[in-house]
């Protein structure tokens, strides 16, 4: 696929602070230099509603991975870390899954994780993590705000606003999901 027809998209940020965990994402999907959709929902609740997830990358691939994670959560209820490690093993070793191009941030009341196609399952430092085209901007903004008196949601929203003002593949149509954290 030429660069003109490459799907670009998304910024996802997570913040864990003050007894809350938040994942926020924008709604833009771009094909080359064209915005194809401005209100895509890339942050959602999965499982029994006790896990929140946000994804960046190819949308169909991300949905496949979300479905697989939900199945792992059925196998390992209330064990997000275990379910994520098992998904990462499959993702790395399965011929079909290995070709999927997406990343995910997932969180429950106890843990926040980034899942990558290389089999990495990473926990954030300082309670913040971000992925996607504007991920570095959102991460820098969230880290700068984490020690302020702002709430987790306020930090996530501000980080997304900053990323949207810098990254052309990120818009300000922000979707936020929040859970009480342990």
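Easy rule for this one: first residue shown is 1, then count along the chain.
Just so you know, glycine gets a Cβ as well, placed from its N, Cα and C.
Annotation for residue 10 (active site): spatial neighbours 25, 26, 28, 29, 40, 42, 55, 56, 57, 132, 133, 134, 169, 170, criterion Cβ-Cβ under 8 Å with sequence separation of six or more. Positions annotated as active site by Swiss-Prot, on the basis of sequence analysis: 10.
Taken from Swiss-Prot, the feature Na(+) binding site applies to 164, 167, 170, supported by sequence analysis. Within the same chain, residues at least six positions away from residue 164 (Na(+) binding site) with a Cβ under 8 Å of its Cβ are 11, 26, 134, 170, 171, 172, 174.
Secondary structure from DSSP puts residue 167 (Na(+) binding site) in coil. Close to residue 167 (Na(+) binding site) in the fold, though at least 6 residues off in sequence, lie 11, 133, 134, 137, each with a CB less than 8 Å from its CB.
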